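What Swiss-Prot says about this one:
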- 211-221: compositional bias 'Low complexity' (COMPBIAS)
- CYS37-CYS56: disulfide bond (DISULFID)
- CYS90-CYS190: disulfide bond (DISULFID)
- ASN38: N-linked glycosylation site (CARBOHYD)
- ASN70: N-linked glycosylation site (CARBOHYD)
- ASN83: N-linked glycosylation site (CARBOHYD)
- ASN143: N-linked glycosylation site (CARBOHYD)
- ASN156: N-linked glycosylation site (CARBOHYD)
- SER227: GPI-anchor amidated serine (LIPID)
- 198-230: region 'Disordered' (REGION)
- 1-28: signal peptide (SIGNAL)
Amino acid sequence: MAKAAVTKRHHFMIQKLLILLSYGYTNGLDDAHSLRCNLTIKAPTPADPLWYEAKCLVDEILILHLSNINKTMTSGDPGETANATEVGECLTQPVNDLCQKLRDKVSNTKVDTHKTNGYPHLQVTMIYPQSQGQTPSATWEFNISDSYFFTFYTENMSWRSANDESGVIMNKWNDDGDLVQRLKYFIPECRQKIDEFLKQSKEKPRSTSRSPSITQLTSTSPLPPPSHSTSKKGFISVGLIFISLLFAFAFAM
């Protein structure tokens, strides 16, 4: 019993450190403007017919708020309304189609009933940094019921999971060619409009934000990609957290 408890605590600590590791990586990209879409898929109820909700933002500007019930598009600056509306309109159909696909996918995914209660709750985060003329690459982070975590990188069409249990589900999703294609071409469909809006945002200063707490990072931060250009700041963060991982493993022995 005691050994099992120590092992569980050890795994929990390693998971948190891995999440911080990914934040150290992405923190090095803070100077780049990016598009972020947050998708939520859940089971509808008679009292709440909402089964999906999507929000897409460029930095702090909400450009699309979409659900199976209604749609709104907003811009924080009247001067950006036209461009924000164009991006939002372009993303509307891909977002709607993808959420429908994800709903079907998660409903057919077998999960440990001890970890989930009823219909699995899916959270997806897509991050697309300004491409600057390069091949557009996006990161897709998947969180099923705060228990299964994996990430897809369109840059090299690779997947990474947080643990073996997540890997089982991840491999099945990877075998779904239609899903993979939707993830791959989500950005290219609207790339020109998105890049133009990101370029416009680049000319304006960004507001700084504090580093998120460990609880905020749990369900939204990706694992670091297998290969990617990273700034010096990102490398320093990764190095420090890697040392922490070594200490964690040493204490667990």
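A Cβ is built for glycine as well, from the same backbone N, Cα and C atoms used for every other residue.
Here the glycosylation sites are ASN83, ASN143, ASN156; the one with the fewest Cβ atoms within 10 Å of its Cβ is ASN156. Reported as a whole number, the C-alpha separation between CYS56 (disulfide bond) and ASN70 (N-linked glycosylation site) equals 15 Å. The distance from the Cα of CYS37 (disulfide bond) to the Cα of ASN143 (N-linked glycosylation site) comes to 14 Å.
Ranking the glycosylation sites ASN38, ASN70, ASN83, ASN143, ASN156 by Cα distance from CYS190 (disulfide bond) puts ASN83 first. Within 10 Å of the C-beta of ASN70 (N-linked glycosylation site) there are 8 other C-beta atoms, taking all protein chains into account. Cα spacing between ASN83 (N-linked glycosylation site) and CYS90 (disulfide bond): 11 Å, rounded to the nearest whole number. Within its own chain, CYS90 (disulfide bond) has GLU189, CYS190, LYS193, ILE194 as residues 6 or more apart in sequence whose C-beta sits under 8 angstroms from its own. Look at CYS56 (disulfide bond): DSSP puts it in a strand.
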